[in-house]
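Annotated features in TrEMBL:
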- 489-539: domain 'Cationic amino acid transporter C-terminal' (DOMAIN)
- 42-67: transmembrane segment (TRANSMEM)
- 73-96: transmembrane segment (TRANSMEM)
- 103-122: transmembrane segment (TRANSMEM)
- 166-186: transmembrane segment (TRANSMEM)
- 198-217: transmembrane segment (TRANSMEM)
- 237-256: transmembrane segment (TRANSMEM)
- 277-301: transmembrane segment (TRANSMEM)
- 321-344: transmembrane segment (TRANSMEM)
- 371-391: transmembrane segment (TRANSMEM)
- 397-416: transmembrane segment (TRANSMEM)
- 489-509: transmembrane segment (TRANSMEM)
- 515-534: transmembrane segment (TRANSMEM)
Amino acid sequence: MQALRLAFWRKPLHLETSSSHSLQHGGDDAPEMVRTLGLFDLVMIGIGGTVGSGVFATAGLIASSYAGPAATLSWLLAGAGCLLSGLSFMELACLIPSAGSTYAYAYHALGELPALVAGFLLTLEYGVSSAGGARSWSDKLTQWMESQLGVQGPEWMKPKDSVVDLYAGLLMAGSTAIVLCGMQAGKLVVNVVTMTKITVVAFIIVVGLANFDAGRISPFVPDQSVVEVNGKETVAFGWPGVLLGASASFYGYIGYDEVCCLAGEAKDPARNIPRAVVGTILGAATLSILATFALVGMQKYTDIDAEESYGNAFTSIGMDWAASFVASGEVLTMPITSFIGFMAQPRVQYAMAKDGLLPATFAEVDAKGNLFRGTLLCGIGVTALAVFVPFHVLWNFISLGILVAFNLTNSSLLFVRASNSTNVEEGEAEDATVKRSQGAMIAGYLISSFLAAFHWQKEVVASVPLSATTDISLFDSYMRTVGPFTSTFRAPFVPFAPCVAIFFNWFLFAQMDGMSVLLILLWLLLAVVVYFGYSRHHSLAFQQTKYQQLAQN
């Protein structure tokens, strides 16, 4: 019982927002990270981490295989789904303006073990996926050198019959070197490359719309049909295809939460973080929708090449120079997604190490406010992943981790609102009962919404009424309580917005293959083993409990 109590010990808000509670390097004189990121920097980080991975990688696939010209609606729906989860990130980032994102929110709302699980999930989204992005960039680079320059790089850099990829390793090593120089150098790189990326996408939009043919987008919503995608038959086009396209395009928005992970280095986070998250999602949605609309207007959706969509489209209308420009721009700007993901990873490790869940070295801040040792160790590990691990079998696994992390954030907001609520009509005893019932309903909704999303995929909707009933009960309970006054951003439509976001994320989760689900379960099991094997004995909860026992004696 004591172990479980520690595992679900929740970190008080005054410790979340304090910089002097670190178990590893306590004291007010310890160096701290400097708040140097303004609103523009945060928006550039958000857009740099999102735009490109969706526009270049999935727009052609969605248009050609899932939704046709209605792919623009898919991007719109996915953006709305992201904004629902984004509301939770915005409120919690204002409440807890420190490094760690979902990890910090889960520690305050759900407990220590869920927080460690969140840290492991964020490692998939940031560190591991940055290595995977480097491998994808390596493929693009070698194709570009051959098609645009007519040359092939040294074979030893990327042997054909080997998993070794030194191009990817070189990218991650370079990213590590820049991050080691500090946030000033990092944000300069992000701002310059992200603006370049926006320029490339704007070029696609302007030139594409200038060669737009309305006849190519008719019918806008093609008739529903059964098509083969990745070796499997699936129902596509029509409105089912729009929904399927929304599921695929959702991953083109992932990265906006990196803004929240860097809240500990943001100037005036209560003001700038919500604006940066909204700006990132709206900016990514606008660029993705317009670029996709330009694509389907340049080339009939049935002729779009899913792999080289924009280059092929420009070539089809006799604009080879534009195709070369876009291909070069993609190769030049694609690395920024990996760079930003890697830049966020040491911040997660820093937050976890400050609380004793990771070794002390990850929490060390040098005299200039940089996480030098943690970044160096992380860089070595991520570079090794990029060099030796083929990622084509891991992307769904990483996506599952991101979806679970998003739902931890949405759940954290529900629990924070429930914990901070005060019953207007009754006394403290009744208030405690209300809080317990709200917690039970939140847990019940997480389970029922997962079952509803899973059964929906199988065209069985028996559990949907149960999920809806739980949501309505939550709403009724929240309406009978009011939270304390707060001057920070407060998400609207709670609990409906986070509940819908949770269902949407489970809906995407249920579409994944069984092997990826097994991998994510093993990853979560590893997190539990690390917690009970190491973290629990060094954690903030353990130290707080020990201090309380000494005080009582």
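Note: Cβ is positioned from N, Cα and C throughout, glycine not excepted.
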Give the nonlocal contacts of the transmembrane segment (321-344) in its own chain as ranges (CB under 8 Å, at least six residues past its ends).
45, 48-49, 52-53, 56, 101, 122, 125-127, 129-131, 133-134, 136-137, 140-141, 144, 147-148, 171-172, 175-176, 178-179, 186, 189-190, 193-194, 196-197, 199-200, 203-204, 207, 255, 258, 261-262, 308, 310-312, 314-315, 378-379, 382
Of the listed stretches 42-67, 103-122, 198-217, 489-509, which one has the most C-beta pairs under 8 A with the transmembrane segment (515-534)?
103-122
Per the Cβ under 8 Å criterion, with at least 6 residues separating them from its ends, the transmembrane segment (103-122) contacts 6-13, 16, 92, 95-96, 261, 344-345, 348-349, 351-352, 355, 357-358, 401-402, 404-405, 408-409, 411-413, 415-416, 419, 523-524, 526-528, 530-531, 535-536, 539-541
Per Cβ pairs under 8 Å, the stretch of 73-96, 237-256, 277-301, 371-391, 397-416 packing most closely against the transmembrane segment (166-186)
371-391
Take the C-beta pairs under 8 A between the transmembrane segment (237-256) and each of 73-96, 198-217, 371-391. Which stretch has the highest count?
73-96
Could you check whether the transmembrane segment (42-67) packs against the transmembrane segment (371-391) - three or more CB pairs closer than 8 Å, residues at least 6 apart in sequence?
no
Could you please provide the mean pLDDT value for the domain 'Cationic amino acid transporter C-terminal' (489-539)?
89
With pairs closer than 6 in sequence left out, are the transmembrane segment (198-217) and the transmembrane segment (397-416) joined by 3 or more CB pairs under 8 Å?
no
For the transmembrane segment (277-301), sequence-distant contacts whose Cβ falls under 8 Å of one of its Cβ atoms, 6 or more beyond its ends
39, 43, 46-47, 50-51, 54-55, 59-60, 62-64, 68-69, 71-72, 75-76, 79, 82-83, 86, 89-90, 93, 198, 201-202, 204-205, 207-209, 211-214, 216-217, 222, 249, 252-253, 255-256, 259-260, 309-310, 312-314, 316-317
